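What Swiss-Prot records for this protein:
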BINDING   127, 131, 132, 133  (6S)-5,6,7,8-tetrahydrofolate binding site
MOD_RES   236  N6-(pyridoxal phosphate)lysine
SITE      235  site 'Plays an important role in substrate specificity'
């Protein structure tokens, strides 16, 4: 039987059907291989995650939950979603898990829908001091639908002062208190947040999107025993697909499930749910724990190098003097470089980071006076102590030399590290299997 036009089109490989997209994907693979990725919110997923996410599951609609779908033919995706939920609960010691959120922002929107009503007060870390858009930023849904109040870091220590958080909570009586962050290099005291929430009659929500992988490995205090609800992305330190996850006490299960579907979303992306299931299996391995340990070690090596005499002399400071997590915040307020210039300089060298506001930043958000530098992707790439030390020295030297940096020499050092730790060996351009 001859192929119909539709059958032919459905079996043509990407490079033949759409060479423009294929070339762009090839270019991105080359960029990831040949440069060093140090954006704190990015990571490299295992090839098995790529395979799951690029599977035929992208074809399947599955509104509802396992055993309670609004579509037929869900017997296989039910198995996958159950695996993802059960594994997530095992990894984090949680009573309840919802693996359907398309992204962290959708997870956070569902959490607020479940815990609060429109115009209720919510108390979270200021975006300008390391919080996230979804914690009450005025242009975000969280700042439009709810009365958002922000706590800030102490101007001297650059750390969260729990006594001041308590004072604000007692004064404002929020419905929800939010812990967690997007750019804060220290542990938070979840027990203290719980105590404050209980004192003022608030629910406690922790957004652990950035440090979930460290929690899973037992290398960071877990918010799960303290919080009513915990949300996270799966793609940062966890190293899974770009997507969201909600964990909670069982008492919140019904409200949270309803808030995700039909509250925030229709059908889940089952290819992403499958990739989450794979990521949760990986998170239970010794190799994963080793990777998280190297992530922390790399961040501490970087913080130490950026505290050296040459960088300090160039006006570079490490916010809070160090780090407890996977990222370092470099304060450039006294440097000749602003955040944009520093990001561009490191990009020329072959290291990808992002400019980031520091607390009390005098510069506009598109320029900033800081850099946020993370180590998860390099740990996933296999970097060891010596390699992290070399990368930290490249960054420290570049920031110390500033506009006089020897870009060519520094780029050669970066290229050597990239060659020594190859990425996705055997992956042929855009082909995922």
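Cβ atoms here come from the backbone N, Cα and C positions, even for glycine.
Residues within less than 8 Å, Cβ to Cβ, of residue 235 (site 'Plays an important role in substrate specificity') and separated from it by at least 6 positions along the same chain comprise 41, 42, 43, 45, 241, 242, 243.
In three-state terms derived from DSSP, residue 236 (N6-(pyridoxal phosphate)lysine) belongs to neither a helical nor a strand segment and is classed as coil. In this structure, residue 127 ((6S)-5,6,7,8-tetrahydrofolate binding site) is part of a helix by DSSP.
Here the Cα atom of residue 127 ((6S)-5,6,7,8-tetrahydrofolate binding site) is found 19 Å from that of residue 236 (N6-(pyridoxal phosphate)lysine).
When each of the binding-site residues 127, 133 is scored by how many other Cβ atoms sit within 10 Å of its Cβ, 133 comes out lowest. For residue 131 ((6S)-5,6,7,8-tetrahydrofolate binding site) paired with residue 236 (N6-(pyridoxal phosphate)lysine), the C-alpha to C-alpha distance reads 16 Å. Working note on the recorded positions 132, 236: by count of other C-beta atoms within 10 Å of each C-beta, 236 ranks first.
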